[in-house]
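Attaching a single structure in structure tokens format; questions to follow.
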Amino acid sequence: MEVAHKVQYKVRELGTRSVTLFPTQAQIKREIKDVPLKPGTNEISILGFSPTIDKNSVMVEGSGSATITGISVEFVPNHELFDDVYPDDDSDDSLSDDDSDEFKEADEYPGLAEAFEREQELSDHLQKAREEILNADDRLKILDSYSKSVDKREGVIISEVLETYKQQRERAYEDRMAGTLRERTIIKALSKAESERLRLSKLKDKQHYKTFKAQNKVLKAKQKAKSKQLKRIEEKRKEKERIRNERARCWPKYCYTVHIQLEVNPSFTPSSSRRSSFSSEVDVVKRSESRTVPLEENPTCDLLLSYVTNSAFWTPSYDLQLSTVNATGTLCFDAGLHNTTSETWENCKITLSTSQATSSTLDDSIPILVPWHIKLASKGSAGNIFNSRQERQQKNEWQSKKIAAPAPKPRQEMFGLNTAPAENDYQTQLMMLEQQNKKRLMMARQEQDGPAAARWGSHQPQAQQMIQQQQILQAQQQAQRQQMLNPQMTGAAQMMGPPQMPQQQMQMQMQMQTHGMMQQQRGQQTLEDFIMSEEVNRDDDDVTMPDTQPSLEFQNSLVEETGFTTTYDLPGLKTLVPKFTVSKQRVARLNFANVLFSHTVVAKYQPVAYLRAKLRNNSKLTLLRGPASLTLDGSFMGQAKIPRCNSGEIFSLSLGVDSAIRVMYPKPDVRRSTSGMFSKEDSSVYVRTVTVHNTRVTATKPAQVLVLDQVPVSEDDRLRVDISNPRGLTLGGAPQAAGLPGRETQEDKNWGKATATLKGGGQITWDVSLNPGKAVKLGLEYAVSMPSGDAAQEC
């Protein structure tokens, strides 16, 4: 088919109408407005869909004067460049060079230059004065020499010679005296000038020292600022690298491209069309046939794409704050939004859904009961008609379908940059393993919320099952570590071809690991349910839970229940970017009134009191199973698990050991005796005492304590066990009053009340209401009788 017009869009350029997050996947709806069309065949291509989408879930709807004639989904390599989509920041991170005048010479000290010039000038005058003195001395020497040679000359007039000598000598002497006086004056002035220069030089040195200290301080400050700037640049570089690595983990190597063929006919347009498994509904508008109205030369249409993707889901989490003083609680219901696809969903409406529908369940057929035939076995053989072979086979098949979800492609094959082989990326493989384990554990938790009958798969003791499963789990984890620590073997095996045995082994190990952990959690949940049923029945008999509807003070999301699905519409528009950090959004805030706090004591095993809280879900919301941050009386306690709880149901939480309730359980007292005239019997009387002390004196209500103990159960008619204290206890009989003050003084006179009950398996329970600051002593006395000479032992 010849295409007359082609239009391409990139998926990140399209607007997102809505995102519906499910516990394991997400449904996205994107819209394209005003798609330009031309008469004839048009092909609209949308590039860059995440490789995690389900191509069979792509649906196209639209409106406009065109007909969808074909839809195709193609899996192609990603031809975009990572640096083009996420360019590097061009901001200047270089160090600023502003210390060019850092060591600029300081200006001359005022007056020092003039002092130097004055001293130099005086030195010159002193040298001139001394020169005049030397000149006069030399002239005097010449006159003396001349006077000594006069007597040797002839024709010399003495008077004239003497007169000349006198005049010249007087002149020379005057010159010498004038030079001497000038020298003295100049020396004094020069001394003062030198003192002034020295004073000014000292002042200059002091100023220079201060300037040097100031410059040194400025230099240190600049060096410190430069060091901080270097650290900021390094931190900025690390942050850029972290963001780049995180974006690279969600950068697709391959992507899906959706091609939509539209037919524009100027004469008429059909109503709608559908192609194979893709939904392609178009609301068409017939063109005007009036001659006065011209036909649209450039028609347009609007398209709406809907598809489902993996690697995007939501998980519930809670923040629970309890107060034992007011017996109230506040539960903040949060949703963790996960998006590790390659797509960004901007400014869209986000809806959370609890739907767990999967395509694999559509192919399951309703099982048919097969007749269960039994017969007598040979003597001495062990009989086992607890369940049939067909039942075990069907349960195993159903269990494997629940656990073995369709394994997606390894993430390192779909995401990442091609700078290094993905097979050698140890961190990526660990991340993939952890993510798939989380998904499978999530499915296992959801299965635990099903009917209780599904939890009983074998009559083997629970403790033995848990020990064996823990050993298998440890062995599987060790094998996974050894495999992950040898990336070269894994990479070589993956390069060999399609079989990829290490990858299949890893998936099988992950499935076995999830199965073992789920079975272990089943065993623990079964034991907890047994204890919880006992406590719930006990409390429901004595205490009536109030039906007070708590007021919600927080802006909640819009909740809607449709059939088996509950949806939460988050307020406002949100943006989900691909990242491995969970984004939390507040769903609702619930207030609990009249929270029941109780204590359980099994002093025979541990002399402590365990605190437990019971809460009724009076809201219209269904609380899903998830982790909760627990705060008790303003102190953070740690992480707890909120079980699934429908509206109106009660759930309980274990709050650990309450140190304010002290328990003392000393060793038993034994008295032995022999009785009987014809048939001798040996009898041993055992006396045990449990002392419980409520040290919380400021409490306003009594503490509700459930104390558990036991007596042995005989498996032989000749071995009898008789309970003498508490009196009147019978199996399944009415509760009997019990308990004595814990201390002999009068302070425990009004300690409260307690009743004792005998239950199956030799279990004795005391329901104690213990007043603040009081102590109670609970006694247990029983006798074990047997024929003389025999001994009792545990089965």
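The backbone N, Cα and C atoms fix where each Cβ goes, glycine too.
Keep in mind that TrEMBL annotations are predicted by a computer and have not been checked by a curator.
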Please identify the range among 112-139, 448-475, 616-643 that TrEMBL labels coiled coil.
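Here TrEMBL associates coiled coil with the stretch 112-139.
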Can you work out which residues elsewhere in the same chain, 6+ from the ends of the coiled coil (112-139), have a Cβ less than 8 Å from its Cβ atoms?
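That would be 168, 172-173, 175-176, 178-180, 182-183, 186-187, 189-190, 193-194, 196-197, 200-201, 204.
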Please spell out the DSSP helix, strand and coil residue counts for the compositional bias 'Low complexity' (728-742).
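Across the compositional bias 'Low complexity' (728-742), DSSP assigns the residues as follows: 0 helix, 5 strand, 10 coil.
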